[in-house]
Amino acid sequence: MAESNCTQATEFILMGFMENPVTQVTLFLIFLVTILGNLGMIGLIRASQQLHSPMYYFLSNLSFVDLCSSTIITPRMLVDFLSGKKDISYAGCMAQVFIFDLFGMTECFLLAMMAYDRYMAICHPLLYPLVMSPKRCSQLVTGSYLMGLTNGMAQTISMLKLSFCGSNIIDLFFCDISVLISLSTSDNTVSHIILRTAASLLGVSSSLVVLVSYMAIISTILSIRSAEGKRKAFSTCTSHLTAVSMFYGTSLFMYLKPSSDSSRKEDKWATVFYAVVTPMLNPLIYSLRNKEVKEALRRL
């Protein structure tokens, strides 16, 4: 009865790092580098004929996903930084949850598809042109977006059923679903189940694709006799493996570890690394560690 008479929150207060201007400016600069880096990667892949291959087709979509997930946060943070306001409407908060969860899960599956692409290129090179045809690559990318859309809709629908009649202060710079669930004054059991089920079924299943692919890749590389052949085969995977380790490590830590008050500060910085640092590092990793990308840059 008390909950039915409570006043539903119409806005939330994004505290984030408002108390530390240096951290706030640093985060905004990272956002700026993220946008420029991912836009540059997309433009480079489109402009360079030598990068028109399945691997870079997946990479351009990965950059697009990183760009979109960062853009849903960047304008909001810029407005807050310039105006000093900290509030975000209930509808705007739900929109952030939907879009961020959509592109977050899409990135999980795109990374898995990139691992599968490397598996086919190294373990089955003769079948690679047939299996990784333009049509098949388009289907894999479309499936990744559909999985992300399913996750975003499921998470948002579960959030819309929650009541927020207590504190409306979010100790982050964007609306993260795990924080919103903890703020809810209604029974959040179903939302917790949906969150952890999605993270387990979708996130863990995509990570298993990565794990199995790289087990086969490592086995194939170890069977190569020449040291130069091993080095060349492994060099094609290092950039992707680095990106996978960062993304899956932080995302699994955020959404699968038990929450507690004592670890709230660590969770906050894990969210920063997941939502801010990883999208910025992805284009840098592929541009600095990939010979084909550096060669395309030199030609342009």
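Just so you know, glycine gets a Cβ as well, placed from its N, Cα and C.
TrEMBL entries are annotated by machine, without manual review.
Listed features, source TrEMBL:
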type	residues	note
DOMAIN	37-286	domain 'G-protein coupled receptors family 1 profile'
TRANSMEM	25-44	transmembrane segment
TRANSMEM	56-74	transmembrane segment
TRANSMEM	94-116	transmembrane segment
TRANSMEM	162-181	transmembrane segment
TRANSMEM	193-222	transmembrane segment
TRANSMEM	234-256	transmembrane segment
TRANSMEM	268-288	transmembrane segment
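Sequence-distant contacts of the transmembrane segment (94-116), counting only residues of its own chain at least 6 positions beyond either end whose CB sits under 8 Å from a CB of the stretch, comprise 55, 58-59, 61-62, 65-66, 68-69, 72-73, 76, 88, 140-141, 143-145, 147-153, 155-156, 159-160, 174-177, 180, 198, 202-203, 206-207, 209-210, 213-214, 240, 243-244, 247-248, 251, 275. Most Cβ pairs under 8 Å to the transmembrane segment (268-288), among the stretches 25-44, 56-74, 162-181, 193-222, belong to 25-44.
The average pLDDT for the domain 'G-protein coupled receptors family 1 profile' (37-286) in the predicted structure is 83. Long-range neighbours of the transmembrane segment (25-44) within the same chain, counting only residues 6 or more positions beyond its ends whose Cβ lies under 8 Å from a Cβ of the stretch, are 17, 51, 59-60, 63-64, 66-67, 70-71, 73-74, 77-78, 81, 173, 272, 276-277, 279-280, 282-284, 286-287, 293, 296-297, 300.
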